[in-house]
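**Q** One structure, as structure tokens, below. Some questions next.
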């Protein structure tokens, strides 16, 4: 009886939460004054064709920094959970190694995926994509090498160093924007460049590149720990 009451109460609370959201699913006839400013002035302010990137990296850059921090905390938690876990030697002996076809395919696809990931986060201010997406693609390339057995594991020292340097540089760029421009993570302390150029939009390409390196390093380390059960073969 108690379970039914709790279920009914939960459903009612969920309905109260979702109803206001459902009411706002209709066609938007107007936007807020803040959104109107973004739409009308975002491209001119930052010289970036991708308005979504302008919002994510600059206008709400502090929130993006928080998301990166959450990812770091999640990765650290997973690494801690897998620390000390090792696959039993008997179980490892029973594990069938990867086929030659898989290893050859992984060696062929890795550079393509790796370069594509770099392309995604270096062109995030010009086209759809960005640091998180590019970092995930790079981590998937590392996963391909791990599953195929082409490499025994990802260097924990390398991923930790890259992650730390990228995170520290991200914060440093934010402080430079605060000191040299109009606010924290304001990219306009670097030249805005030509419209649609790779070296344009101030520091936005640099910020997204740092996010891509940080995300790719963290996820690669997590995947390595999950596959090797503690990061040790």
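Using the three backbone atoms N, Cα and C, a Cβ is placed for every residue, glycine included.
Copying in the features that TrEMBL gives for the protein in this structure:
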type	residues	note
DOMAIN	30-78	domain 'MrpA C-terminal/MbhE'
TRANSMEM	64-82	transmembrane segment
TRANSMEM	102-122	transmembrane segment
DOMAIN	104-219	domain 'Na+/H+ antiporter MnhB subunit-related protein'
TRANSMEM	134-154	transmembrane segment
TRANSMEM	161-185	transmembrane segment
TRANSMEM	197-216	transmembrane segment
**Q** Helix, strand, coil residue numbers for the domain 'MrpA C-terminal/MbhE' (30-78) per DSSP?
**A** 41 helix, 0 strand, 8 coil
**Q** Just to confirm my parser: what is the rounded mean pLDDT across the domain 'MrpA C-terminal/MbhE' (30-78)?
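**A** Its mean pLDDT is 88.
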**Q** How do the residues of the domain 'Na+/H+ antiporter MnhB subunit-related protein' (104-219) split into helix, strand and coil according to DSSP?
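**A** Result for the domain 'Na+/H+ antiporter MnhB subunit-related protein' (104-219), in helix, strand, coil order: 81 helix, 0 strand, 35 coil.
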**Q** Can you tell me which parts of the same chain pack against the transmembrane segment (161-185), counting only residues 6+ beyond its ends and a CB-CB cutoff under 8 A?
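**A** Cβ under 8 Å, 6 or more out: 57-58, 61-62, 65, 68, 72, 203, 206-207, 210-211, 213-214, 217-218, 221.
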